[in-house]
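S.K.: Let me begin by handing over the structure; questions about it come next.
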Amino acid sequence: MESSPESLQPLEHGVAAGPASGTGSSQEGLQETRLAAGDGPGVWAAETSGGNGLGAAAARRSLPDSASPAGSPEVPGPCSSSAGLDLKDSGLESPAAAEAPLRGQYKVTASPETAVAGVGHELGTAGDAGARPDLAGTCQAELTAAGSEEPSSAGGLSSSCSDPSPPGESPSLDSLESFSNLHSFPSSCEFNSEEGAENRVPEEEEGAAVLPGAVPLCKEEEGEETAQVLAASKERFPGQSVYHIKWIQWKEENTPIITQNENGPCPLLAILNVLLLAWKVKLPPMMEIITAEQLMEYLGDYMLDAKPKEISEIQRLNYEQNMSDAMAILHKLQTGLDVNVRFTGVRVFEYTPECIVFDLLDIPLYHGWLVDPQIDDIVKAVGNCSYNQLVEKIISCKQSDNSELVSEGFVAEQFLNNTATQLTYHGLCELTSTVQEGELCVFFRNNHFSTMTKYKGQLYLLVTDQGFLTEEKVVWESLHNVDGDGNFCDSEFHLRPPSDPETVYKGQQDQIDQDYLMALSLQQEQQSQEINWEQIPEGISDLELAKKLQEEEDRRASQYYQEQEQAAAAAAAASTQAQQGQPAQASPSSGRQSGNSERKRKEPREKDKEKEKEKNSCVIL
């Protein structure tokens, strides 16, 4: 169906307005007749009733009140076979008529029933039923003509910007394809993009008119949708974690990494940092903080984009099952995964649903908790058990009557105790030889997931502690021993130079020195109070040991009481000296000479008294 610019009726504030008086063409009478007959012209209805302030300009292009459909009586009977006016025939074709429809608008067919309903009831957005045409009184020819021009569904939202939904289908935002982050949440503004408008032009009739000078009415709507998404995310994840972003120069590229504010497992950060360093996931420039939900959405987007294109039917079904399992445990990435290592290889784990995430993302997962194959008794005791199986074996062996099983349980328990750091030198050697040069992977140790890489034959762990957020020279930490005392390096794996003393905060350094001295004094005091067990003979009886302990306790008590008496004597001497000094200060200024002579006589007496008090307060040990 085609229409002229004069027949446009913007639905603003719920009232359909027609062209202004005096602006009608020579065929205005024909338009009024067809409006009265129920053959409404095609009009463009905005998606929002409020608009952006330009609706008044469009409202001024209105028909006289007598020509308005609201004022036209409903004429029952058959409708006109003419679908509308032809712009080419009427000579009213304008350059704007050939343009594509504006974003935020779609074409509807106005009928007298719709116009009358719009007068009494406020029309909502384009998705409301009030803005939809009532085709009950139209003929089959008009239904056919209007069917090719109707929008897809109420609201007009789709998960794809360039592929609008076909007519009659209702796209769902809850589908798997709409799993996007907050910055790319599909809104009506993105759905009605220029690319989508170009794709929709061939579907509509040529010469379709648009509002000249109109502006898309989707900015306010997009802000409202974003606010709704943020409110929904807060309800879904109350008290969610917020992470700070550190920007580094990684291979001459300004690359972000996610830092961790609390010490915990959080495999989500390790996985996202691998994807960020590989430039498979990109964040907005100079972004400083990000929420856990946003990280999950970025990860979900990447998992959907990484779906293989050409696979067989069996592989597709297997991939979909793995994707479903991964989505089910995706929320665990914020707190921790159930990873069960085996002590036979750096990439050998007991298969759990949590491992599917690493398989789908194609991120290697390593550990270094291996048994040295040269120690036969440990190899026999541990065998091919995983960590959980080994713990169960130790418990069962301890309760067994077989001495050999008890011995194996004891050896296995000793192995776990001696390798509490969950990294052995044999495992470190295997890691160094297995990890490829420049490979980005995840390293599991002590229930913690770290981003790891290999540079010139040396393993490095990414430093994600938030305390180093502003330290540009601290990016990687070398992994060259099992004690965890690696060296800090910058983004180019250069050792961190020592800090300039002038740049060190003096107050902070003084506090560190005081804390160190306090700890040292406490350590010395504790060592002085401890009993030297090496000096006690091995054959001593319990009675003699008790006597020695009692003597040590008596010595400590006497030392404590001596310190208390000395402190009390010093306090008494100080108070006496203060009382004697007050009369001397209260002497009149007129008798300065006599006062000075008296003070000179009193000074040796006071010194003698203090010496006598010190002698009396001394305790002979």
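Cβ atoms are placed via backbone N, Cα and C, with glycine included.
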S.K.: From S68, S94, pick the one Swiss-Prot annotates as phosphoserine?
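M.R.: Going through S68, S94 one by one, Swiss-Prot annotates S94 as phosphoserine.
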S.K.: How many Å lie between the Cα of C266 (active site, nucleophile) and the Cα of A546 (site 'Ubiquitin-binding')?
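M.R.: Computed Cα spacing between C266 (active site, nucleophile) and A546 (site 'Ubiquitin-binding') is 52 Å.
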S.K.: Which of the three DSSP states, helix, strand or coil, fits C266 (active site, nucleophile)?
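M.R.: In three-state terms, C266 (active site, nucleophile) counts as coil.
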S.K.: Within the region 'Ubiquitin-binding domain (UBD)' (507-559) only, compute the mean pLDDT.
M.R.: 74
S.K.: Let me spell it out: for each of the recorded positions (C266, L549), count the other Cβ atoms within 10 Å of that residue's Cβ, using every protein chain shown. Which one has the most?
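M.R.: Top count of Cβ atoms within 10 Å goes to C266.
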S.K.: Over all shown protein chains, what is the count of other CB atoms within 10 A of the CB belonging to L545 (site 'Ubiquitin-binding')?
M.R.: 13
S.K.: May I ask you to report the DSSP-based helix, strand or coil state of A546 (site 'Ubiquitin-binding')?
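M.R.: DSSP assigns A546 (site 'Ubiquitin-binding') to helix.
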S.K.: Give the helix, strand or coil assignment DSSP yields for H448 (active site, proton acceptor).
M.R.: strand
S.K.: CB neighbours of H448 (active site, proton acceptor) within 10 A?
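M.R.: There are 17 such Cβ atoms around H448 (active site, proton acceptor).
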